[in-house]
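Participant: This structure is in structure tokens; I'll ask about it shortly.
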Amino acid sequence: MYKIVKKRELTNNIFLMDIEAPRVAKSANPGQFIIIKNDEKGERIPLTIADYDKEAGTVSIVFQTVGQGTKQLATFNEGDYVRDFVGPLGQPSEFIHENIEELKKKKLIFIAGGVGAAPVYPQVKWMKENGIDVDVIVGSRNKELLILEDEMRSVASNLYIATDDGSYGFNGRVTDCLKDLVENKGNKYDHAIVIGPMIMMKFMVALTKEMDIPTTVSLNPIMVDGTGMCGACRVTVGGQVKFACVDGPEFDGHLVDFDESMRRQALYKSEEGRAQLKIEEGSTHNHGGCGCGGEK
Amino acid sequence: MDMADRMKRTPVKEQEPKIRAKNFDEVCLGYEEEKAIQEANRCLTCKNPKCVEGCPVSVNIPGFISYVKEGKIEEAAKEIAKYSALPAVCGRVCPQENQCEGKCVLGIKGQAVAIGKLEKFVADWSRKNNVDLSQTEPKNNKKVAVVGSGPAGLTCAGDLAKKGYDVTIFEALHEAGGVLVYGIPEFRLPKDEVVKAEIENIKKLGVKIETNVIVGRTVTIDELIEDEKFEAVFIGSGAGLPKFMGIPGENANGVFSANEFLTRVNLMKAFKEEYHTPVKVGKKVAVVGGGNVAMDAARTALRLGAETHIVYRRGIDELPARAEEVHHAKEEGIIFDVLTNPNEILVDENGWVKGMKCVKMGLGEPDASGRRRPVEIEGSEFIMDVETVIMSLGTSPNPLISSTTEGLEINKWKCIVADETTGLTSREGVYAGGDAVTGAATVILAMGAGKNAAKAIDEYLKNK
């Protein structure tokens with residue numbers, strides 16, 4: 001059992017939790033993720049590591065309530081326990097193996113969409129701790145949904161906020177913002193790291209390909225075990241089948257087959273919808289029927 | 001007992017095929033005490049028992065059977081416990097026809113003694129009657145780490161605990177048991193009743209189990225030795241990496257590895273309404289492969305309501321699965337499409353499986369494995385209209401541990417190189433066994449390896 005030592009609602013339906021998991025905290029690196037299982041009957045849910053405190057033995061996760069599992073998790077409070085919390089999983093970001101002096105010579109930009117700000121944060125924080133200046137774009141639909149702004153500001157050398165409706169910062173999408181920085185402001189970037197919804201990453205890599213900026217993305221496919229034993233998370237990268245949980249989750253964005261990944265992500269859409277309806281409408285959903293949970 | 005009776009095995013009760021095809025309850029209902037005693041009485045109590053030679057952990061088979069003959073079931077259980085920590089599991093899933101029962105002298109002229117079913121009976125009886133099997137030697141305060149809680153790790157841990165060691169098992173998943181919990185289905189091996197109970201027995205010996213620890217990620221072997229002061233390590237991490245065919249369409253929605261499919265159903269209990277993990281099977285399912293895992297996947301898909309086909313490239317006689325499993329699968333209505341090999345998965349406009357392009361095979365000359373090599377028959381291509389494809393082509397060891405442990409030698413199949421009798425690896429104090437060393441094999445061979453390694457670790461630490 002793993003104790004929730006802190007819970008904070010960052011914005012509408014996006015929560016941050018610090019979980020007591022000393023072994024995970026001790027080994028965690030930027031770019032890695034964990035799997036959480038709320039209770040005995042719960043699913044295994046993969047979430048990227050948003051921060052970690054090796055001394056306190058805690059790991060931060062940020063999640064948006066999109067389905068049954070995350071909605072249930074949001075009902076847990078400080079002092080409650082989740083049944084399972086395993087990690088760190090996946091490969092750490094490549095840059096942690098690079099020479100710091102070499103990294104300092106490069107101009108990096110991190111681009112986050114929505115909840116993607118959470119996994120981008122520990123990477124930018126790592127850069128700051130190692131004396132590397134990086135730019136960051138955080139995109140959000142509007143000002144209200146923006147998360148971790150202060151945290152990000154404290155570690156990024158330049159933070160650009162882009163809102164779809166122009167309610168805060170740059171008016172437009174993250175792609176428009178990057179275009180503006182490169183084409184109008186004359187910024188040059190040697191590498192982009194993009195984390196966000198699959199569709200946002202797809203459009204972003206199309207743009208960075210045009211701009212000839214090497215780009216790393218962090219994929220979030222369906223996972224079960226997260227240790228490489230099932231292949232549920234398989235993705236095609238450069239024509240090769242890779243397991244995102246062990247080979248990734250970060251890959252060369254210009255080589256990822258996004259259409260396939262987006263399709264695979266939707267595999268259980270109707271099941272998720274049904275599970276969701278059951279929570280929202282309770283017994284009215286099944287009309288007390290056969291209990292088989294609807295058509296297969 | 002007259003000769004005719006002596007030659008024929010006492011039948012064991014099973015659920016009717018038509019009924020069991022719709023539920024996940026155990027197929028084999030097992031012997032009642034009276035029937036078990038009747039079957040035990042067929043045993044000739046050979047002076048030079050061949051059956052024991054056939055058992056990878058050398059259970060004193062005539063010894064425990066003699067107790068059953070007298071109705072002393074508790075003594076029988078204690079006799080088995082000297083050799084095996086998982087009798088309720090082994091009695092169910094060992095391929096006895098190739099092991100103990102394959103060597104039984106009665107099998108020459110008649111039917112071998114049902115050793116597996118007797119072991120199952122004794123183990124189930126002792127569980128129901130709370131027989132205490134937790135005797136250990138005095139604690140010696142020496143710490144041993146065991147990586148993986150499958151059959152190899154559990155056996156090694158159990159044996160070491162009996163010798164007084166302070167043993168901790170590290171398990172990557174949230175539940176201990178390895179393939180016993182995620183792979184082998186409920187209807188062959190009940191989880192709560194049998195697997196959990198046997199694991200509890202191992203805990204009663206003083207073994208600690210830490211779940212949610214991935215050795216190679218959460219902690220490394222070197223950290224276990226240097227920081228946490230474990231004096232020896234046993235690696236029993238198995239062979240859990242699934243193989244795919246590499247044919248077009250294999251990433252379509254509706255194509256699973258058998259590992260994913262079985263993990264969803266067995267470990268995550270997707271077949272139960274109150275559990276949250278989903279599983280999806282279409283009306284018609286093809287399971288590609290012919291091993292025990294393929295049979296398990298097919299019989300599971302059938303129980304979820306699908307018309308299920310086994311698609312196998314060799315002939316029915318070449319199926320690597322146990323005869324009993326094939327027999328059960330056929331009884332339940334699994335359709336066998338043998339001498340058939342898929343070469344493409346057809347995908348609809350939404351990315352879902354809509355069929356599988358297959359080719360008919362003939363059998364050529366025997367290959368290196370001694371089995372006749374399947375050869376494509378030209379012009380025999382046809383399309384199977386399936387909605388779900390489960391790939392059951394075997395597994396290989398996960399490189400996570402070998403790639404994060406300095407100086408641990410592996411071979412070209414990524415298996416850990418270990419001494420055959422002791423399990424010692426290229427690193428001092430680090431032992432390995434089971435599928436991590438051999439590649440995918442059987443539960444009992446893994447247990448045998450765990451047992452041998454425990455003996456070797458004990459000798460190593462005594463002399464250290």
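Keep in mind that glycine also has a Cβ here, set from the backbone N, Cα and C atoms.
Given the structure is predicted, the values throughout are model-derived calculations rather than measurements.
According to TrEMBL, the record shows the following:
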type	residues	note
BINDING	A:V62, A:F63, A:Q64, A:G69, A:T70	FAD binding site
BINDING	A:C230, A:C233, A:C245	[2Fe-2S] cluster binding site
DOMAIN	A:1-95	domain 'FAD-binding FR-type'
Participant: Quick check for the class: what is the C-alpha distance, in angstrom and rounded, between A:V62 (FAD binding site) and A:C245 ([2Fe-2S] cluster binding site)?
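Facilitator: Here the two Cα atoms are 19 Å apart.
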Participant: Can you tell me the CA-to-CA distance separating A:F63 (FAD binding site) and A:C230 ([2Fe-2S] cluster binding site), as a whole number of Å?
Facilitator: 24
Participant: Show, in sequence order, which residues other than A:V62, A:F63, A:Q64, A:G69, A:T70 on the same chain lie with their Cβ within 8 Å of the centre of the Cβ atoms of the FAD site.
Facilitator: A:I14, A:F15, A:I45, A:L47, A:I61, A:T65, A:V66, A:L73, A:A74, A:V115
Participant: Minimum Cβ neighbour count within 10 Å among the binding-site residues A:V62, A:C245: which residue?
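Facilitator: Result for the binding-site residues A:V62, A:C245: minimum number of other Cβ atoms within 10 Å at A:V62.
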Participant: For chain B, which of the binding-site residues A:V62, A:F63, A:Q64, A:G69, A:C230, A:C233 fall under 8 Å by Cβ?
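Facilitator: Cβ contacts with chain B under 8 Å: A:G69, A:C230.
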Participant: Tell me the coarse DSSP state (helix, strand, coil) of A:C230 ([2Fe-2S] cluster binding site).
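Facilitator: SS state of A:C230 ([2Fe-2S] cluster binding site) = coil.
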Participant: My understanding is the cutoff is Cβ-Cβ under 8 Å with a sequence separation of 6 or more in the same chain; which residues meet that for A:T70 (FAD binding site)?
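Facilitator: Non-local contacts for A:T70 (FAD binding site): A:I45, A:F63, A:Q64.
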Participant: Between A:C230 ([2Fe-2S] cluster binding site) and A:G69 (FAD binding site), what is the CA-CA distance rounded to a whole number of Å?
Facilitator: 21
Participant: Provide, as an integer number of angstrom, the distance between the C-alpha atoms of A:G69 (FAD binding site) and A:C233 ([2Fe-2S] cluster binding site).
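Facilitator: About 18 Å separate the Cα atoms of these two residues.
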